[in-house]
Number of protein chains: 2
Amino acid sequence: MKFEVTILGSSSATPIFNRNPTAQVLNINEHLYLIDCGEGTQQQMLRFDIKASRIDYIFISHLHGDHYLGLVGLLSSMHLNGRKKPLYLFGPPHLMEIIDLQLKYSETALHFPLEFKETNTEQPEVIVSNNDIIIETIPLYHRIDCTGFIFREKKRLRKLRKEVIEQLEIPVPYFTALKKGLDYTAPNGEVFKNEDLTTDSAEPKSYAYCSDTIYSENYFEQIAKATLLYHESTFLNDMLDRAKETNHTTALQAGEVALKTNAKRLLIGHFSARYKTLNELLEEARSVFPDTDLAIEGRTFYID
Amino acid sequence: MKFEVTILGSSSATPIFNRNPTAQVLNINEHLYLIDCGEGTQQQMLRFDIKASRIDYIFISHLHGDHYLGLVGLLSSMHLNGRKKPLYLFGPPHLMEIIDLQLKYSETALHFPLEFKETNTEQPEVIVSNNDIIIETIPLYHRIDCTGFIFREKKRLRKLRKEVIEQLEIPVPYFTALKKGLDYTAPNGEVFKNEDLTTDSAEPKSYAYCSDTIYSENYFEQIAKATLLYHESTFLNDMLDRAKETNHTTALQAGEVALKTNAKRLLIGHFSARYKTLNELLEEARSVFPDTDLAIEGRTFYID
């Protein structure tokens, strides 16, 4: 199953030329999920050939402009381009009030159903569960209410051991039960343990998205063992005081989060405009957690 | 006096790669005035090296997203970058309600005074008058309330005819009165007519900005003899019905507006995303009004 993320924006609140505010697109089994939608997200999607019409889910972490100011424009374009199918939107309680006000004064009645669900910023909550993925909110610790999101592949069914199955001549109608972990009782009454007939499927992969937050161990358990962890990394650690003051994280701390939660790989982003180049941020995070990359515009990362 | 406009965005509602929604910056005597502020205006300002801190006036024509969705982000950046001086904002009645709601939920209290004045969409109104310029709203005819803006240089004082002044030995303290058009009475009682002592100053230049509107002669008188007329030109004339239906103008009609109002030059913009190239639009407008240019990103036009 395809499971990858493309970065559309990597900057924090104030703009810098050629770095855009936060937005990422996940491709999960050829379905697109947009996470945050900073100003300019539509231009970035055009740049990287991502079709807005293929997005069915949008997740907004919080109501700072650099995470959602591209949303109303995107919704308007979907409307103008004739979208009819529903769009599922998840975000903080007041997001819909902002959208409604803007649509009202532009006298726009969307031609497609916009299904909004408020995120709970107090405790983790499963907000989507479909054939491919389970999506849960991650309560974070920012200046205003903020959640991250964790995308976990559904646990697959166990795999049949073909050679054993054939040898025992187990009939096809039993296969689904075996994949679900049941034992097999032969016509002669003999019982075969499931573990002798099947093997476990691969460990489900996960993408943890931790947008704006102060460093806090409170969300560590929830993001443990992420296949790919995205963590904000607004400052270098020499600005730790400023990071604390503004409820942000440093690159060093992002590396520590990855290390302590046993992430497989780390992506850092949400860089302050003060950093014209990003190498120092990368090196700082890598000093703690070597398997780190920069979440910069246009790059696609496979979650495997 | 410097009087020029730089185009930051030329597209209409739905986005197209490398064409941005409407925004223009006027430089009038080294003061910057922003007209409309579509999504991505900040990136465009960075691209063309226009300092947001130098903008003291912003004018929003109407509340369709392609004309104002970049505004809250711009205000936030001004705030984060330490702006203290006032910013004067002009726009439709509900603009401030939208801004206030977004600032409220991001828990942002601007560090600078934002002085908002509602535009009157029913009749022309002078909204700014300073040493350099008089700015008036132009009521337009769109799907929702919309105004354009006309920027007229202040009429300069008359110019002294140096040789006559010297010959008559008119003392310096009289000069201001002469420049204002008064006659001169010599010590011997002889009266010299002002027109013999001065010449008229140059005709004041003007920039008329006609954003989204259906073709209508109602605003022709107000924009008459513009030095530079910007007029929206969303469609080619083979889509005249669609233009009428959506309250927009065709390139041919924009040419007619310029011709009938005796504009000196015409700029067309606000191009539909359906036009991947713009030559046909330009040629169509030029077929009626030859001195036409495309208002495309990064171009600066002198108003002279």
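Positions of Cβ are set from backbone N, Cα and C atoms, glycine also.
If you check TrEMBL, you get these features:
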- A:Asp66: active site, proton acceptor (ACT_SITE)
- A:His62, A:His64, A:His142, A:Asp212: Zn(2+) 1 binding site (BINDING)
- A:Asp66, A:His67, A:Asp212, A:His270: Zn(2+) 2 binding site (BINDING)
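Distribution of TrEMBL features across the structure.
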{"residue": "A:His62", "record": "Zn(2+) 1 binding site", "contacts (Cβ under 8 Å, 6+ apart)": "A:Tyr68, A:Pro92, A:His142, A:Ile144, A:Asp145, A:Cys146, A:Thr147, A:Ser211, A:Asp212"}
{"residue": "A:His64", "record": "Zn(2+) 1 binding site", "contacts (Cβ under 8 Å, 6+ apart)": "A:Ala13, A:His142, A:Arg143, A:Ile144, A:Asp212"}
{"residue": "A:Asp66", "record": "active site, proton acceptor", "contacts (Cβ under 8 Å, 6+ apart)": "A:Ser11, A:Ser12, A:Ala13, A:Pro21, A:Thr22, A:Gly38, A:Glu39"}
{"residue": "A:His67", "record": "Zn(2+) 2 binding site", "contacts (Cβ under 8 Å, 6+ apart)": "A:Pro21, A:Thr22, A:Asp36, A:Cys37, A:Gly38, A:Ile60, A:Ser61, A:Ser211, A:Asp212"}
{"residue": "A:His270", "record": "Zn(2+) 2 binding site", "contacts (Cβ under 8 Å, 6+ apart)": "A:Ser10, A:Ser11, A:Ser12, A:Thr22, A:Ser211, A:Asp212, A:Glu232, A:Ser233, A:Thr234, A:His248"}
Chain B sits near which of the binding-site residues A:His64, A:His67, A:His142, A:Asp212, A:His270, counting only a Cβ gap under 8 Å?
A:His64
Can you count the other CB atoms that lie within 10 A of the CB of A:His142 (Zn(2+) 1 binding site)?
19
Reduced DSSP assignment, A:His270 (Zn(2+) 2 binding site):
coil
C-beta crowding around A:Asp212 (Zn(2+) 1 binding site), within 10 angstroms:
27
Starting from the Zn(2+) 2 site formed by A:Asp66, A:His67, A:Asp212, A:His270, give every other residue of that chain whose CB sits within 8 Å of the mean position of their CB atoms, in sequence order.
A:Ser12, A:Ala13, A:Pro21, A:Thr22, A:Asp36, A:Gly38, A:Ser61, A:His62, A:His64, A:Ser211, A:Glu232
Can you list, in sequence order, the residues of the same chain other than A:His62, A:His64, A:His142, A:Asp212 whose CB lies within 8 Å of the CB centroid of the Zn(2+) 1 site?
A:Ser61, A:Leu63, A:His67, A:Leu140, A:Arg143, A:Ile144, A:Cys146, A:Ser211, A:Thr213, A:Asn247
DSSP three-state call for A:His64 (Zn(2+) 1 binding site): helix, strand or coil?
coil
